[in-house]
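Visitor: Before we start, here is the structure in question, set down as structure tokens.
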Amino acid sequence: MMLSHIMSNPQSRLRDVLGLVVMVTLNAVALLANSGVLAVMVKVPHLRKFSLVCHLCIVDLLCAALLMPLGIICGSPFFAGIVFSVLECRMYIFLNAFLISASIFTVTVISIERYFYIVHPMRYEAKMTPWLSAAMMGFVWVASTLLGLATVFGWPSYGSRSSIAATHCSLHWSHSGHRRSFAILFCTVCFCVPAAIIIAVYGNVYKVAHMAARERGPIPSWTMASSHPKHRSDSVNSQTTIITTSTSVRRNQVPRRKRRLVGGKAALTLAIIVGQFLLCWLPYFAFHLHLSLGFSHSTSEEAEGLVTWLAYSTFAVNPFFYGLLNRQIREELCKMLLCCRSAGRPVRPSASGHKDAQTRSWRAGALQSLDPSPIRHT
């Protein structure tokens, strides 16, 4: 099938091959990055406190394993001859609504958690318990399931057809009367509300970070805050408090240029996170809302594939923005990779290896003579 497509369309061959390579690459990056971050967080005990980031990796890993391969089949011209049954098409649309909602809701919950962690630290320590974290994750799954079920019961409708071309298995390819209602609901709940929350939350985080940079000097980034002991202000107004270093730095001890550099770095980090969310999801929801409301009766499969994979790219980007930006996670992942790499190498005996072995044997014997009980290895 691929060979016949290439021979019959020589002019578009390079574009189609490049598109397939990009889709497969994004899928592979999403699988590897989410698996790596998830593995290191499960393996290292002190990283398990980042439960919401771990939850995001699980959701994005499901997207990479289930949703993105189906997206390759539906979006690449090399698979244009594949036909889905109505049930298969419904399942693909269900996975779209369900997993996309779960990923966006988790990102929104993480932004709210970081808001309270930085802007209201005392409230965060008092109220942020494992039960509350589990409740937030439960809310994500319940809300995502409800939105996904809307695509199973009564929508989409394909009339009396028993099969649908894979390229037509999409959110807006439906003849149901509920299409417009679902499009408005889906875009409002899954994009408009989360985008408003994320922009408002990170806007307040930037204000607090900028204020702290001006008044206290350099502060650790919110992505690195958990790697230091937390010292909270005793002031009731926690709006002006933030995670600080172990010693307070007075304003006159810090050069103004350095304070501006810290504030600019915080602004850049927040702008990248918010910008990435809007860049990936705004075209996707605007495209499907525009078509579902009937503003356009013709659609380009290339445009649909572009906005779809721009949205799917967030599953490959999230582990970097929400996982590897954290210094603790990044360092532990590097250690794990180095250990895996060194495990496959043969150990070369050094010139002093025999002497070191004798020294270790003598020390072990001395310890055993001092303690009659057997040495316990924990």
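Think of each number as a place in line: the chain as shown, counted from 1.
Glycine too: its Cβ is placed from the backbone N, Cα and C atoms.
The feature domain 'G-protein coupled receptors family 1 profile' is assigned by TrEMBL to 26-322. Per TrEMBL, transmembrane segment is recorded for 20-40, 52-79, 91-110, 131-155, 182-206, 266-286, 306-325.
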Visitor: Is the transmembrane segment (91-110) close to the transmembrane segment (182-206), in the sense of at least 3 CB pairs under 8 angstroms with a sequence gap of 6 or more?
Guide: yes
Visitor: List, by number or range, the same-chain residues at least 6 past the transmembrane segment (20-40) whose CB is under 8 A from its CB atoms?
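Guide: Counting only partners 6 or more residues beyond its ends, the transmembrane segment (20-40) has Cβ contacts under 8 Å with 47, 53-54, 57-58, 60-61, 63-65, 68-69, 71-72, 75-76, 78, 309, 312-313, 315-316, 318-320, 323-324, 329, 332-333, 336.
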Visitor: Quick check for me: are there 3+ Cβ pairs below 8 Å between the transmembrane segment (131-155) and the transmembrane segment (306-325), leaving out pairs under 6 residues apart?
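Guide: No, the transmembrane segment (131-155) does not contact the transmembrane segment (306-325).
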Visitor: Summarise the model's confidence over the domain 'G-protein coupled receptors family 1 profile' (26-322) as a mean pLDDT value.
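Guide: The average pLDDT of the model in the domain 'G-protein coupled receptors family 1 profile' (26-322) works out to 80.
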